[in-house]
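Straight from Swiss-Prot, the features:
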type	residues	note
BINDING	49-56, 357-364	ATP binding site
DOMAIN	15-269	domain 'ABC transporter 1'
DOMAIN	314-564	domain 'ABC transporter 2'
Amino acid sequence: MPHSDELDAGNVLAVENLNIAFMQDQQKIAAVRNLSFSLQRGETLAIVGESGSGKSVTALALMRLLEQAGGLVQCDKMLLQRRSREVIELSEQSAAQMRHVRGADMAMIFQEPMTSLNPVFTVGEQIAESIRLHQNASREEAMVEAKRMLDQVRIPEAQTILSRYPHQLSGGMRQRVMIAMALSCRPAVLIADEPTTALDVTIQAQILQLIKVLQKEMSMGVIFITHDMGVVAEIADRVLVMYQGEAVETGTVEQIFHAPQHPYTRALLAAVPQLGAMKGLDYPRRFPLISLEHPAKQEPPIEQKTVVDGEPVLRVRNLVTRFPLRSGLLNRVTREVHAVEKVSFDLWPGETLSLVGESGSGKSTTGRALLRLVESQGGEIIFNGQRIDTLSPGKLQALRRDIQFIFQDPYASLDPRQTIGDSIIEPLCVHGLLPGKDAAARVAWLLERVGLLPEHAWRYPHEFSGGQRQRICIARALALNPKVIIADEAVSALDVSIRGQIINLLLDLQRDFGIAYLFISHDMAVVERISHRVAVMYLGQIVEIGPRRAVFENPQHPYTRKLLAAVPVAEPSRQRPQRVLLSDDLPSNIHLRGEEVAAVLLQCVGPGHYVAQPQSEYAFMRR
């Protein structure tokens, strides 16, 4: 039923008095209360707030995806202007009608790409399906358009990626596939739920610009859900701040950043990590914690030395990891992905070494290879003087008690059939460390340390927000008191307050127990805050490594400078200058089988600071 006379001129979406609740233990728990907002054509509305504040469930309610999950949604008005200019009341649409609205008129980019993509279909089939459904295109036309969309989101070897499955792509590449799928039908409204969380800063900058270009081209309204205030400053026209299910402040991006009125908004802004805040400091520094009573009370920097002199706890030499690509009638291996190429580094007890680089640079593969989650084709991995890359599976399991992994995708790494208490207890049971009663107490302590409640132990993963699920994964990794923790984008899904709490927790544990961290991240501001040393990876190789202060304050390699220049600044008046990003040529790390790539040769430019020699920078900055 049309409602064209009820939607104000210029608006493409209007929501009035939205209330969302869930039933728990026969009680109605409110998730969103009395939320009202509108969205104009060509406008970007950023919805910000802490994990569990109601941001994502608001988006799911607009897409009518909460009913199947048991959500109770009530709304006085939820109007959408379709691409055809017809105005509809979303709450009145049948399930069949909503299938035509989703994708064509209103699309959503979800936070966790691995759980949003179908594992049994190729990337090309999934993008083409939406194009064929909403644009009446043939299969051939849809695949051509799918390839064009992958090119637009700057995926290298786009034609090859079309035939890949989601598990064969990195987290950042999967997110780019999701973005390509959402934008393929040119919707009237795009809802982006943390769309750049899994992306490195350079790809994030390119995706933000791509969304801006398509938004201008199609007069598309964008609802941008994020916890990254730097992204908000760069892309938003208006900002809606949510706290505990309610809108506490709304205004233009300049008003929110320069004259915030609500104490929570002021605390949120003050807690944002700023690149360059560590200038002149040698050691990691704690984050300020969000407090409504004392907004952004800064804790003193950690100046004690946590790195222990002596032998490294982990030593990696010339690590090589490659993945085969099959083709042809006989399905033979003809090419290989050179994911990691002759990588070497040491990790000392009590040290945090951060691996940074673009999506597909080999950061995550390096971390997984250290635990033999992927097999390496060369090199040595030595832990506490023992070579572990040749250990039998039985001996390797005992070793994993001392080396724990925090994965990038929290939902995919938790068993949906287990309560989170059982998931945290499981490693304790596998290694026979604690009896049942003591294990339960340990779980309660761990949940409290990561900002959750002991009673949460009886809930299941789907009952938590993305940020809460990541905290659960961190609690599980800490259960065994490991000597080394490999954290793969461990805090990228967390809002600034919880991220600060988790980083502070990791620093406390490092100080108390001498834990060494291999911190894999694309968030340069967090890396600057937590790291003792930083290694920059590009196309599977380390091109710069050194003390954090030297790498950030005096970057030598052009790629390192490029990464730092791409970091969004949480200041609307200091947006990055417009750059041509959409037609850049992205080099590929796929080579013919048997083809060898010249090794990067590092030269010393300062105490502990090494940079790739110019002759080995083979077209690093072609773009």
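From the backbone N, Cα and C atoms, a Cβ is placed for every residue, glycine too.
With the fewest other Cβ atoms inside 10 Å of its Cβ, the least crowded of the binding-site residues K55, K363 in this structure is K55. Across the domain 'ABC transporter 2' (314-564), mean pLDDT in this model comes to 88.
Among the binding-site residues S51, S53, S361, the residue whose Cβ has the fewest other Cβ atoms within 10 Å is S51.
Within the same chain, residues at least 6 positions away in sequence whose Cβ sits under 8 Å from that of G357 (ATP binding site) are D200, K363, H522, V536, M537, Y538, L563.
Other Cβ atoms within 10 Å of the Cβ of G49 (ATP binding site) number 26 in total over all chains. A coil conformation is recorded for S359 (ATP binding site) in the three-state DSSP classification, outside any helix or strand. In the three-state DSSP reading, K55 (ATP binding site) counts as helix. According to its DSSP assignment, G49 (ATP binding site) is in a strand.
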